[in-house]
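According to Swiss-Prot, the protein has these features:
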{"type": "REGION", "residues": "52-241", "note": "region 'Disordered'"}
{"type": "COMPBIAS", "residues": "80-89", "note": "compositional bias 'Basic and acidic residues'"}
{"type": "COMPBIAS", "residues": "98-111", "note": "compositional bias 'Basic and acidic residues'"}
{"type": "COMPBIAS", "residues": "140-188", "note": "compositional bias 'Basic and acidic residues'"}
{"type": "COMPBIAS", "residues": "191-207", "note": "compositional bias 'Polar residues'"}
{"type": "COMPBIAS", "residues": "229-241", "note": "compositional bias 'Basic and acidic residues'"}
{"type": "REGION", "residues": "279-363", "note": "region 'Disordered'"}
{"type": "COMPBIAS", "residues": "282-291", "note": "compositional bias 'Polar residues'"}
{"type": "COMPBIAS", "residues": "300-317", "note": "compositional bias 'Basic and acidic residues'"}
{"type": "COMPBIAS", "residues": "322-338", "note": "compositional bias 'Low complexity'"}
{"type": "COMPBIAS", "residues": "339-348", "note": "compositional bias 'Basic residues'"}
{"type": "DOMAIN", "residues": "454-623", "note": "domain 'tr-type G'"}
{"type": "BINDING", "residues": "463-470, 509-513, 563-566", "note": "GTP binding site"}
{"type": "REGION", "residues": "463-470", "note": "region 'G1'"}
{"type": "REGION", "residues": "488-492", "note": "region 'G2'"}
{"type": "REGION", "residues": "509-512", "note": "region 'G3'"}
{"type": "REGION", "residues": "563-566", "note": "region 'G4'"}
Amino acid sequence: MSKKRLHEIAKEIGKSSKEVVEHAKYLGLDVKSHASSVEEADAKKIISSFSKASKPDVTASQTVKPKEVAQPSVTVVKETGSEHVEKTQVSKPKSRNFKAEREARAKEQAARKQANGSSHRSQERRGGYRQPNNHQTNEQGDKRITHRSQGDTNDKRIDRKASNVSPRHDNHQLVGDRNRSFAKENHKNGRFTNQKKQGRQEPQSKSPKIDFKARAAALKAEQNAEYSRQSETRFRAQQEAKRLAELARQEAKEAALKAQAEEMSHREAALKSIEEAETKLKSSNISAKSTADNRRKKQARPEKNRELTHHSQEGQKKNKKSWNSQNQVRNQKNSNWNKNKKTKKGKNVKNTNTAPKPVTERKFHELPKEFEYTEGMTVAEIAKRIKREPAEIVKKLFMMGVMATQNQSLDGDTIELLMVDYGIEAKAKVEVDDADIERFFEDENYLNPENIVERAPVVTIMGHVDHGKTTLLDTLRNSRVATGEAGGITQHIGAYQIEEAGKKITFLDTPGHAAFTSMRARGASVTDITILIVAADDGVMPQTIEAINHSKAAGVPIIVAINKIDKPGANPERVIAELAEYGIISTAWGGECEFVEISAKFNKNIDELLETVLLVAEVEELKADPTVRAIGTVIEARLDKGKGAIATLLVQQGTLHVQDPIVVGNTFGRVRAMVNDLGRRVKSAEPSTPVSITGLNETPMAGDHFAVYADEKAARAAGEERSKRALLKQRQNTQRVSLDNLFDTLKAGEIKTVNVIIKADVQGSVEALAASLVKIEVEGVRVNVVHSAVGAINESDVTLAEASNAVIIGFNVRPTPQARQQADTDDVEIRLHSIIYKVIEEVEEAMKGKLDPVYQEKVLGEAIIRETFKVSKVGTIGGFMVINGKVTRDSSVRVIRDSVVIFDGKLASLKHYKDDVKEVGNAQEGGLMIENFNDLKVDDTIEAYIMEEIVRK
């Protein structure tokens with residue numbers, strides 16, 4: 001037999017090759033493309049099937065027509081069918097059940113094998129064209145119907161469809177005429193092909209097909225409309241309740257005012273009416289709330305009867321829940337019919353039939369009346385403070401011409417403009433600098449007036465060198481400490497407290513030498529009363545005038561003590577006249593200053609002086625609050641070898657306790673221990689009490705203020721901040737070379753400099769010595785202080801001196817053995833002194849180049865005190881052992897304790913056992929006594945030395 005290609009068949013019948021290929025596949029032919037060949041019989045079958053599909057179905061309809069029950073029913077069915085045809089042509093199905101298609105395809109292949117190719121899958125035709133494979137209608141179950149070869153079986157199925165009793169076809173009935181004619185023709189030809197006609201199978205029911213998606217959308221829209229109606233009703237009910245409540249409240253107020261104006265007896269009736277109004281308000285609120293809740297509950301409950309019945313169903317299918325239908329979409333994930341089924345575990349199936357969630361009403365927040373802002377606030381921070389969305393603020397800023405994001409910082413002007421736009425009064429927040437402890441001394445608003453009590457006066461003793469300041473203080477304390485001062489002058493501030501007539505007085509002893517100007521100014525700044533001591537035989541001296549100026553600058557009252565009236569040349573009247581020239585006028589002359597003539601050496605009129613001090617203090621009304629955190633001033637500071645930094649503090653306000661976190665100057669720490677002026681440990685210090693504390697991380701400067709903080713964290717932060725600011729200020733003071741000072745800079749390079757390193761026992765001495773050396777004026781030569789610090793001379797000082805070619809000046813300190821050995825090796829000169837004007841004179845003469853032959857100190861040896869013996873009417877004898885060199889009878893000795901010189905003097909006696917000897921050699925033991933010194937202690941170092949005259953070349 002000859003074969004034909006599919007594209008030739010398509011050309012012959014006037015169809016596209018694609019349609020012919022698909023049609024051949026549906027007829028069960030094994031073809032792949034338009035180039036595939038088929039037998040002549042199969043080609044005729046394809047052509048005949050196309051010609052049959054194009055014939056009108058009027059005859060078939062007329063043939064089936066007598067079997068219909070009633071003519072009106074057929075007319076309705078035909079109309080309904082035509083509607084479905086038009087709808088199916090427009091709309092496309094949303095999903096395919098691939099599993100069902102695979103099963104149906106497998107059944108088709110099995111049926112073809114049994115029927116030997118005589119049974120083929122029916123094809124839905126519309127207008128002569130085959131529907132696409134994935135174009136499934138809602139009647140997907142009727143798509144694949146396989147007929148058996150027996151004619152009676154096919155007739156039974158057709159009859160069952162026509163009688164509308166099949167359980168598999170609940171929603172449809174066949175348009176019997178056309179289907180039966182095709183079924184008979186297929187039975188005669190031996191092929192059981194159930195082809196769908198151009199008019200398509202019409203549903204059995206009289207109503208159109210149910211569009212579940214449209215129904216779900218309509219249901220959701222209906223629910224939303226119902227909810228909005230209920231929200232509006234609820235809102236109107238609430239507004240009405242508020243209006244009624246407001247009217248009731250106004251009526252109650254008017255009734256109350258009227259009753260009060262008419263007669264006081266009607267007050268009870270007014271109160272009763274107010275109570276009734278409040279009850280009415282509560283009942284209206286409750287009723288409105290209950291109505292809203294009930295309506296909300298009704299709206300949220302779904303209507304169960306919506307899916308129970310089909311509005312056009314008849315017979316047994318009516319009132320049947322969830323009936324099975326082959327026209328129903330098999331993939332029912334988005335179907336309302338699936339709402340009562342349990343969701344499989346692990347499947348996130350969204351239920352589309354749930355009632356819509358109510359929209360949460362946004363709360364309205366009122367804007368604040370005032371807004372306190374800080375520089376650099378972000379948009380998000382401002383939005384949070386005024387309870388607005390950041391996007392709203394960004395929009396307002398954009399309208400103002402400012403482009404900003406919610407994390408961008410704004411300046412003060414922009415924030416104020418923004419607040420003006422909102423109608424809010426903007427105020428800049430005043431930030432308190434926690435690192436500024438000076439504010440406590442300027443502003444006393446933090447004090448509690450109820451806790452203020454009287455405090456002890458702080459008295460500073462001022463005067464010229466050797467006018468008797470320390471002797472007076474020694475007499476007041478009943479001790480002989482004045483003899484211990486080198487050269488008869490005080491080298492640093494001493495703070496002491498005495499008690500007179502049941503009241504305490506705090507004394508500050510300041511040095512009188514010109515080098516200690518800053519220390520005298522410091523003493524005047526913390527004092528309440530100044531005692532100006534003037535020698536009756538010397539009169540007014542330069543340091544006396546300076547003390548007067550310091551006291552006047554501090555604004556403190558002055559009490560003049562004319563000392564040494566026991567001397568033969570004493571002339572108190574001359575002193576009074578000289579002081580009057582500087583504004584210090586006695587009360588006897590009509591002035592304001594008290595004058596007291598005393599003799600500190602013989603304890604004359606000392607009681608009168610103390611009474612005068614207490615009288616002036618009472619007039620000044622000195623007060624303090626002991627309940628606040630302590631503040632005060634550093635009197636002196638030094639570095640101890642074993643204890644570290646030690647600071648002498650004067651408490652001015654509050655009470656200082658042990659373990660208090662404290663900031664002192666540019667350093668910080670915690671009060672580890674407190675010692676009073678008598679050397680006893682104390683746990684607290686009240687106002688006007690001097691104490692020495694330990695526990696600071698660095699040595700502060702004398703004159704620095706201190707303040708106690710709430711916790712150690714705050715103290716550490718404040719101390720570090722103050723240290724950072726001080727370093728920044730020091731860097732800013734560095735001089736830069738410019739065209740104006742270029743000549744001066746070049747000229748300064750030609751000047752010779754003398755580099756010095758200063759080490760002293762206390763901070764005040766370091767400051768005084770450095771300031772004095774810098775002030776020395778010698779043409780062509782100047783002093784450069786390379787380094788100054790508190791403590792003994794150590795190896796690092798020697799290394800620095802070698803690098804900078806400097807001279808080390810030790811004031812009341814000694815070098816360590818390692819430092820001395822390194823200085824000898826590196827040829828570094830160390831000058832040790834105990835009197836400040838000796839240092840100044842030596843440096844000045846060296847600068848002028850007029851140094852005469854000088855005496856050089858030569859150390860003979862060192863000894864350690866092993867034991868002390870106190871002998872009455874003789875003094876203290878020290879048993880010693882020589883550890884280096886020798887100790888001679890005519891040598892001078894220094895008593896060194898913790899690398900600090902305690903005393904410098906001559907030997908009174910030197911013995912080896914009971915014999916007087918001229919010297920005691922190395923590793924030998926002996927005993928010694930020192931002139932005018934009895935405070936020897938075990939482990940003190942005795943350094944023996946002599947002064948050798950050398951000629952300077």
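Backbone N, Cα and C define each Cβ position, glycine as well.
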>> Using DSSP and collapsing to three states, where does LYS469 (GTP binding site) fall: helix, strand or coil?
In response: helix
> For the region 'G1' (463-470), what is the mean per-residue pLDDT, to the nearest integer?
Replying inline: 79
> If you run through the compositional bias 'Basic and acidic residues' (98-111) with DSSP, how many residues end up as helix, strand and coil?
Replying inline: 14 helix, 0 strand, 0 coil
> Where does ILE565 (GTP binding site) sit in DSSP terms: helix, strand, or coil?
Replying inline: coil
> How many other Cβ atoms sit within 10 Å of the Cβ of GLY463 (GTP binding site)?
Replying inline: 25
> Taking each of the binding-site residues ASP466, LYS469, ILE565 in turn and counting other Cβ atoms within 10 Å of its Cβ, which one has the fewest?
Replying inline: ASP466
> With DSSP helix as H/G/I and strand as E/B, how many residues of the compositional bias 'Basic and acidic residues' (229-241) fall in helix, strand and coil?
Replying inline: 13 helix, 0 strand, 0 coil
